[in-house]
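**Q** The following block contains the structure, expressed as structure tokens.
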Amino acid sequence: MKLKFTKMHGAGNDFVVFNGCDQDINLTTAQFRFIADRRFGIGADQILIVEKTEKAGIDFRYRIFNADGGEVEQCGNGARAFARYVTDFKMTSHNPIRVETKAGIIELFIENNGTVTVNMGKPEFAHARIPFDANGLKGTPTGDDTVWPLFLDNESVSQEIDISVVSMGNPHAVQVVRNIDEAPVASQGPLIENHKRFPNRVNAGFMEIENRHSIRLRVFERGAGETLACGTGACAAAVAGIRRGLLDSPVTVKARGGILEIAWNGYGHDVMMTGPAVIVFNGEIDL
Ligand SMILES: N[C@H](CCC[C@H](N)C(=O)O)C(=O)O
């Protein structure tokens, strides 16, 4: 089966995008993993499939699959890539663009300077909806947030960290670190991602506070490992920092692959994220 694809990235978080409107995309978990493989396949953190939808006033939906082949609810950088894709390939002339995702309908704005602004909706803090199992844990009120102790242990790690938990449609556990370059992303990331207190696993954020309007962020993503940027992770970190009284909106999030701007005016308000979305090349793969 020959499939046309487009390679894209948003601040270095990279995607393989398939147009499911003009070709039938039915892939197995093994095929998703092959496509995402950086040596044997094309290479990507996530795979996006753009499809038509019948919902009133909505033309498209996109589905997101992590490099491990699992389908997930939301992808902030992927949302921007979707907007760039349907605009540049003249699949729509709308701006803003409303699109259906597993996490719900979101709205995307193509800015004059080529960046894309996404209304990511409202953050979710209810543990049952993250989901996060705090049973038996004693949380510490921190500003408007509560941080939770998470005990990490394996043959090489045995330590307790304090996390904020928040969902942007997908689950995030965010901790503050003193120095992002020395953060134990590789050692702690997998332990947090697969921690038993996150029944659906979790994206693990490590943020260094630069000042009240700027952070440096690294994210060990669920199903993909450390990525150069994580859009929902940037939203989650900014929201957690604002709730903890460490940050004020807007927040500049400096990821290793680029910069994302996050704005959130507090409870009841949507999170707005602005950042780049780039088409790298088009190709065809024989699966
Ligand atoms: N790994 C994430 C999905 C991709 C999110 C990230 N690439 C973004 O830009 O938000 C998860 O399993 O929830």
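Note: Cβ is positioned from N, Cα and C throughout, glycine not excepted.
Quick paste from TrEMBL:
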- Cys75: active site, proton donor (ACT_SITE)
- Cys75: active site (ACT_SITE)
- Cys230: active site, proton acceptor (ACT_SITE)
- Asn13, Gln46, Asn66, Gly76, Asn77, Asn170, Asn203, Glu221, Arg222, Gly231, Thr232: substrate binding site (BINDING)
**Q** What is the set of residues, excluding Asn13, Gln46, Asn66, Gly76, Asn77, Asn170, Asn203, Glu221, Arg222, Gly231, Thr232, whose C-beta falls within 8 angstroms of the centroid of the C-beta atoms at the substrate site?
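**A** For the substrate site, the extra neighbours are Asp45, Ile64, Val72, Gln74, Cys75, Gly78, Val219, Ala224, Thr227, Cys230, Gly233.
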**Q** Give me the count of other Cβ atoms within 10 A of the Cβ belonging to Asn77 (substrate binding site).
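**A** That number is 35.
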**Q** Which whole number of Å gives the largest C-alpha distance between any two of Asn13, Gln46, Asn66, Gly76, Asn77, Asn170, Asn203, Glu221, Arg222, Gly231, Thr232, the residues noted as binding substrate?
**A** 16
**Q** Kindly assign Asn77 (substrate binding site) to one of the three DSSP-derived states: helix, strand or coil.
**A** helix
**Q** Please determine which of the binding-site residues listed here (Asn66, Thr232) has the lowest count of neighbouring CB atoms within 10 Å.
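**A** If we count Cβ atoms within 10 Å for the binding-site residues Asn66, Thr232, the smallest count is at Asn66.
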**Q** In terms of DSSP three-state secondary structure, what is the assignment for Cys230 (active site, proton acceptor)?
**A** coil
